[in-house]
Amino acid sequence: MSAHDQLVLCLCELTRLLWKLLLPLVILCVLLVAVLVLLVLAVRLWLQSSRNARRAREGRPTVAFFHPYCNAGGGGERVLWCAIRALQNR
């Protein structure tokens, strides 16, 4: 058997070994990702249900502000805080 044939045989054996290791690892990664996605969805649903229950108990609406660029120095901060103060005084 020549050196070339031995090298080809060795590479074939190495390829088979890597394939035998790679396939279970791919399956394991897919399962772990699926479990992680299900866990994140379960936590999200739990947080939404607890938030909805809290809102139902309180019986008052929640107000949120989204004011982009309020820290740009153009007076946006003052407008934002005036709006918040007006809601608090109401």
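Cβ coordinates are placed from backbone N, Cα and C, and glycine is handled just like the others.
Feature annotations, reproduced from TrEMBL:
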type: DOMAIN; residues: 62-89; note: domain 'ALG11 mannosyltransferase N-terminal'
type: TRANSMEM; residues: 21-47; note: transmembrane segment
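Summarising model confidence by region, the domain 'ALG11 mannosyltransferase N-terminal' (62-89) averages a pLDDT of 76. Beyond the transmembrane segment (21-47), no same-chain residue lying 6 or more positions past its ends has a Cβ under 8 Å from any Cβ of the stretch.
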